[in-house]
Amino acid sequence: MICVWEFRILSMGGAISLLAVNFIIAQIFVVAFLIIAAKSRVRGPAIWCAAAFAVASLSAIFETVLPFTPVPKLFAIGAFASVLAGFILLRVGLGLFYRVPARLTVLAVFFLGSVILDLLIYDLPRGTLKHAFFYQLPFFVIQAWSASTILRSQRRSPADWILCGLLILTSIYYLAKIYAAVAAGAGTTASDYLASPFALISQALGAMLIVATGIAMLGVMVKEIIDEARASSELDALSGLYNRRGFVDRLTPVLETAGADGPGTLILADLDRFKLVNDTYGHHAGDGVIRQFSRVLVELMPSRAVAARLGGEEFAVFLPRLGLSEARVLAHGMRAALASTRIDGLPESVNITASFGVASIGPGESLEAAMQRADKALYAAKAEGRNRVECAEPPVRVLPTASRRVGRS
């Protein structure tokens with residue numbers, strides 16, 4: 001009998017220690033998610049995730065007090081409800097992050113129904129299959145539900161797959177706890193739980209899954225922040241197109257892997273007399289011209305094309321797998337569309353035009369060389385009176401020559 005009580009005391013002490021560890025870990029994640037919420041565009045999802053860990057951590061307090069309170073039922077239900085509420089808040093945060101929103105009314109009904117179910121099974125014998133099944137079922141459902149959120153989204157990065165895998169693993173863990181509660185013993189009452197072998201197993205595995213899932217969630221959000229920062233550094237705020245850096249970064253790998261026919265065609269465009277528009281009608285009108293011309297480029301270019309504002313009134317469009325003649329026709333369409341467009345802030349009598357230079361990019365030709373040839377064609381269009389399209393000469397193609405040995409006659 002003494003040995004049994006010593007084991008129960010040791011088990012309880014170990015379980016309480018693990019509860020304390022889980023609580024501290026949860027608070028660390030709360031702080032981490034709040035820091036992310038304060039410094040990024042993923043503020044909403046991060047706040048929901050912080051709330052999820054904060055609410056779920058309350059279960060550690062409920063379970064620690066449970067063996068010593070005269071109203072164990074209240075604290076047992078509180079422990080169950082806090083964990084489930086935390087998982088539901090996590091589902092909301094994941095839904096916002098992955099753009100697969102959850103219906104809050106459905107989640108609320110699920111929560112209330114699960115708490116009522118826990119109340120109904122409270123007096124069932126613990127350590128039995130029936131009690132374990134109905135107790136763990138809501139946790140399995142909500143974790144599988146969260147995993148399905150990622151599967152239904154459009155994101156497919158390795159970090160997303162890792163998080164999805166951990167959520168699936170956690171849902172399986174709650175199914176496994178049904179068997180573990182029966183096999184290892186979960187105590188005869190709610191107050192006996194912390195002294196049971198099952199408590200040690202549950203808290204230890206739970207701590208590992210909390211850490212792994214929390215780190216994975218932080219990982220996908222930090223990746224999103226990094227991707228947003230990179231995208232912002234490559235985009236022109238006024239036009240919404242790539243800037244010069246983004247344009248070069250997108251085209252460099254394309255040029256390096258181009259086949260023998262070349263990667264495509266480059267169009268350079270420059271707004272005619274743009275400085276005069278700014279000086280006469282103000283920078284607000286000039287900004288409107290930039291935005292309108294950007295819309296013209298995006299609307300007319302093929303879906304796989306890349307457009308950029310290189311600076312000031314200069315723009316570029318890369319047309320993959322498109323020949324010089326097709327690109328020339330497209331440039332004429334862009335020119336005509338802009339010339340017939342009315343710009344807000346400008347008198348109707350003012351027509352905005354642009355000049356275009358078109359150059360096909362040769363096999364092995366650098367982007368810089370192609371842009372120089374397109375720029376010469378653009379300069380020619382300006383010199384010929386503006387509002388024109390000129391094509392550059394094809395790149396000089398140097399063919400390898402075989403060396404021949406010349407013998408004496």
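In case you wondered, yes, glycine gets a Cβ from its N, Cα and C as well.
The structure displayed is predicted, hence computed values, not measured ones.
Quick look at what TrEMBL annotates:
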type	residues	note
DOMAIN	262-394	domain 'GGDEF'
TRANSMEM	15-38	transmembrane segment
TRANSMEM	45-62	transmembrane segment
TRANSMEM	74-97	transmembrane segment
TRANSMEM	104-121	transmembrane segment
TRANSMEM	133-151	transmembrane segment
TRANSMEM	163-186	transmembrane segment
TRANSMEM	198-222	transmembrane segment
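Between the transmembrane segment (198-222) and the stretches 45-62, 74-97, 104-121, 163-186, it is 163-186 that has the most C-beta pairs under 8 angstroms. Listed as Cβ neighbours of the transmembrane segment (163-186) (distance under 8 Å, sequence separation of 6 or more from its ends, same chain) are residues 126-129, 131-133, 135-136, 139-140, 143-144, 146-147, 150-151, 192-193, 196-199, 201-202, 205, 209, 212-213, 216-217, 219-220. In summary, the transmembrane segment (45-62) does not lie against the transmembrane segment (133-151): fewer than three C-beta pairs, each 6 or more positions apart in sequence, are under 8 Å.
Using DSSP to sort the residues of the domain 'GGDEF' (262-394) gives these counts of helix, strand and coil: 59 helix, 32 strand, 42 coil.
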